[in-house]
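Q: Just passing along the structure, written as structure tokens.
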Amino acid sequence: MVISSSSFTHWFVLLVMASGIRLSKCTNFTIINYCKETIWPGITAGKNFTGGGFALKPTQSANFTAPSGWSGRIWARTGCNFDKNENGTCQTGGCGSTLKCTEPGKPPASIAEFTLGDTDYYDVSLVDGFNLPIVVKPVSGKGNCQPAGCDSDLRSSCPPELTIKTNDKIMACQSACNAFKTDEYCCKGAFSTPIACVPTNYSRIFKTACPAAYSFAYDDPTSIITCSATDYIVTFCSSRNQTECTHHDKKLTCNGSNGGLKAISKMWKLWVMALPAAISLPVMF
């Protein structure tokens, strides 16, 4: 998998830290769209590369399963237009010219990153910019298991020099690295070490709006969260304190407002399963 230079450093750390391999089961991911617009999730990567290849209308959800040892990314493509042959383009997060991704997401995009093992490592990265609020919530895991991500809409506070607009509408907020392409902002060259690469005024804007997300390559390592024996819910345009539900170990399980998790009783199952509208995806890695 090719990764942009601005995010390579902390992505490499994420891979190295997760040296264990979970042997007991695969991990289930539920993706939910709470945005007021249709999104086209991008998913990378795996031996059987699927790339997403589906749309989620507002309130729809989808599920896929990743095997032990999987390392990958999930993000949203927006403003896409595909023809009957599944060829087209997206305004943000594009990953090739087809419905299924053929390359990594194009910045700017808000990205959830995972490395699965005996202990999972996950984070939400804004190193390549921001296009939609995104939150990762673990389900019934062991360990720290805190939500990660950004539930603020950074587009509303994006500096004018970083904005990406379509018809005068702000579609995304670039990182300073992508906008100016200097070694200082991209943590390259003389700025390629943790001592030399420090927060800038631009990365501080990202961190203030989204304290539980990576804002630059050598951001606070607490932005990477660990959890074991868990499934994940990835939501777009939701709150970190919002209750979500998914199936975990053959039970319908929901996260609590305090970051813990609880199984709901049978009398509530039909109500919860009806919202949001769900689609099941035969996605195998």
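Each residue, glycine too, has its Cβ placed from N, Cα and C.
A TrEMBL annotation is a machine prediction, not a hand-curated record.
What TrEMBL records for this protein is below:
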SIGNAL    1-26  signal peptide
DISULFID  Cys35-Cys237  disulfide bond
DISULFID  Cys80-Cys90  disulfide bond
DISULFID  Cys95-Cys101  disulfide bond
DISULFID  Cys145-Cys227  disulfide bond
DISULFID  Cys150-Cys210  disulfide bond
DISULFID  Cys158-Cys173  disulfide bond
DISULFID  Cys177-Cys186  disulfide bond
DISULFID  Cys187-Cys197  disulfide bond
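Can you tell me where each of these features sits in the structure?
A: Under the DSSP three-state reduction, Cys35 (disulfide bond) is assigned to coil, being neither helix nor strand. Taking Cβ-Cβ distances under 8 Å and a sequence gap of 6 or more within the same chain, the neighbours of Cys35 (disulfide bond) are Pro58, Ala76, Leu132, Phe236, Cys237.
Counting Cβ atoms from all protein chains shown, Cys90 (disulfide bond) has 24 others lying within 10 Å of its own Cβ.
In the three-state DSSP reading, Cys95 (disulfide bond) counts as coil.
In this structure, Cys227 (disulfide bond) is part of a beta strand by DSSP. Sequence-distant contacts (6 or more apart, same chain, Cβ under 8 Å) of Cys227 (disulfide bond) comprise Thr119, Asp120, Tyr122, Pro138, Gly141, Lys142, Gly143, Asn144, Cys145.
In sequence order, Ser110, Val124, Leu126, Phe130, Pro133, Ile134, Val135, Ala209, Cys210, Ala212, Ala213 are the residues near Cys150 (disulfide bond), counting only same-chain partners six or more apart with C-beta under 8 A. DSSP assigns Cys150 (disulfide bond) to a strand in the three-state reduction.
The DSSP secondary structure for Cys158 (disulfide bond) is coil. For Cys158 (disulfide bond), the same-chain residues 6+ apart in sequence whose C-beta sits under 8 angstroms from its C-beta are Phe130, Ile170, Cys173, Ile205.
DSSP classifies Cys177 (disulfide bond) as helix under the three-state reduction.
In the structure as shown, the Cβ atom of Cys187 (disulfide bond) sits within 10 Å of 24 other Cβ atoms.
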Q: On a simple 10 Å Cβ count over all chains shown, which one of the disulfide-bonded residues Cys145, Cys177, Cys186, Cys197 is most densely packed?
A: Cys177
Q: Sort the disulfide-bonded residues Cys80, Cys177, Cys187 by C-alpha distance from Cys95 (disulfide bond) and give me just the closest.
A: Cys80
Q: On a C-alpha basis, identify the one among Cys80, Cys90, Cys197 that is nearest to Cys186 (disulfide bond); the candidates are the disulfide-bonded residues.
A: Cys197
Q: Do you know offhand how many angstrom separate Cys187 (disulfide bond) and Cys177 (disulfide bond) by C-alpha?
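A: Between the Cα atoms of Cys187 (disulfide bond) and Cys177 (disulfide bond), the distance comes to 8 Å.
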Q: Quick check: in three-state DSSP terms, what is Cys90 (disulfide bond)?
A: coil
